[in-house]
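Read through the structure below, which is laid out as structure tokens, and then see the notes.
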Amino acid sequence: MAMSLPHQIGAISGAPLAADSAGAAIEAPSSATVTAVWRSPAASNLRVSAVDSDRISPSPPLSPRCVRPDLSVAAQALMSPATEVEEDREYVAGGGAQAKDRKGVPVFVMMPLDSVTWNHTVNRKKAMNASLQALKSAGVEGIMMDVWWGLVEEEKPGEYNWAGYVELLEMAKKHGLKVQAVMSFHQCGGNVGDSCTIPLPKWVVEEIDKDPDLAYTDQWGRRNYEYLSLGCDTVPCLKGRTPVQCYSDFMRSFRDTFDHLLGDTIVEIQVGMGPAGELRYPSYPEANGTWRFPGIGAFQCYDKYMLSSLKAAAEAFGKPEWGHTGPTDAGEYNNWPEDTNFFKKEGGGWNSEYGEFFLTWYSELLIAHGERILQSAKNIFENKGVKISVKVAGIHWHYGTRSHAPELTAGYYNTRFRDGYLPIAQMLARHGAIFNFTCIEMRDHEQPQDALCAPEKLVRQVALATQQAEVPLAGENALPRYDDTAHERILQASALNLDGSSGDREMCAFTYLRMNPELFQPDNWRRFVAFVKKMGEGKDTNKCWEQVEREAEHFVHVTQPLVQEAAVALMH
């Protein structure tokens, strides 16, 4: 999730993940506990474990520094206004976006991370009911909820307990709210805003403990338990199943359990593909102080499975000497680009033949990982009337540098001379999926200028890439913000006025971070109601911001008792 320390505004709510308030586990209805049908395998917080010295790759010479030809012309082309493209194709239900005749951008609200307890019940039920009723009254389209792999398939492979989600989804249906369901195959805990800890399923963690190379690994041997390494995607390492088969079985069980709600209450499936649910490598882990903003992060390609892939790629490229390890001169997590030989602007290894080879391999592996899971999700939810979406991180720090180091370590091969988001958008377009992007609320001038942060420029680049690929774009705010400045920035960004003309194109949806007590504070709630109303009216409305706020005042007054109840209940 994109973030900036000066703007960690407000705390994300959520009591420690615990049993239901009554303290008793509620037995899951028989329909909510499902056993998977297995098929034969096909072809923490950051957990740092000590590794033997022979597991750490010896440091080879510095990255080759044969600088490529000057690409200033390409850079100028990237920064210039986009050329006209064909009119957006029409997306229908199940294909990725709202109908063209619909005006405005529907607003969804993220649920607390711990909305479902370990006892498979809804957490803080009274607060949840009051909150959902208030959101519906405000004109909110629906909610986004994390469906945690670590909760549902916690104890045994192939045994799923959906009871808590049965209850929560019925609650959403009762209040007339649509649902974006996130297939959360990552650990909760260790990223900005994580208010509770939900690890991967116990049996998965046991397998990682037996074979630590199933976890993403950096060059110093640190193992990251947030998400399984994509290097083992097709390895039958989880009790005879591959990770991709486990993700597929989980989604298939979800589909079968909630088939009656698909396309009606459940309108979108967001497929988790990495840490924080984002399609990226865990290159900037906050747990244990490993990474701090605005560090460049570190490459995550040192497990044996990824190194095997690198070795094969280097041999195929005719440079077998490049296949033993990743760059050894790329600095550490909290360095800045100019601190390193690999990322520095003049003569950096990133802009060499070696750099192009390595970064192409590293980024294409990530896109292939996304494609594998997306193809499975598309097949599973085909003809169910739901959209499929994928979340991409808004890594805006050091965006103003030539190398874009933090994006490169996360797997986005985006530099001053290369568009790293177009290949991702094109992959999503092949499957009719939505490109979901964060940091929509941020302005360039709000961020630390010495770190050359540029969230507005980054959002524009992503919007242009999705326009070129003809894929719908959805947005999220990266940090909790309740002020008019953030709301106005979201309104501007969601209008997608990329070339100065109004046009028909808008974001297909926006998801607001997050439902918590602060949202229901009187001033915040008043601003939020006006924001939702403005988003719903679309960019062609002639009403000014002040007029919309005046219209919202009556609603705020009428719903005050309900909102107060929600705020108080959420705090207990």
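Every residue, even glycine, has its Cβ placed from backbone N, Cα and C.
Taken from TrEMBL as is:
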BINDING   D146, H186, D194, K391, H396, T438, N477, A478, R514  substrate binding site
ACT_SITE  E278  active site, proton donor
ACT_SITE  E476  active site, proton acceptor
Check the binding-site residues H396, R514 for other C-beta atoms within 10 angstroms of each C-beta and report the one with the most.
H396
Measuring Cα to Cα, how far is the residue listed as 'active site, proton acceptor' from H396 (substrate binding site) in Å?
14
Using C-alpha atoms only, work out the spacing between N477 (substrate binding site) and the residue listed as 'active site, proton donor' and round it to an integer in Å.
14
Cβ atoms near E476 (active site, proton acceptor) (within 10 Å, other residues, all chains):
24
If you measure R514 (substrate binding site) to the residue listed as 'active site, proton donor' at Cα, how many Å is it?
17
Cα-to-Cα gap, the residue listed as 'active site, proton donor' vs D146 (substrate binding site), nearest whole Å:
13
What residue among the recorded positions D146, E278 has the most other CB atoms lying within 10 A of its CB?
E278
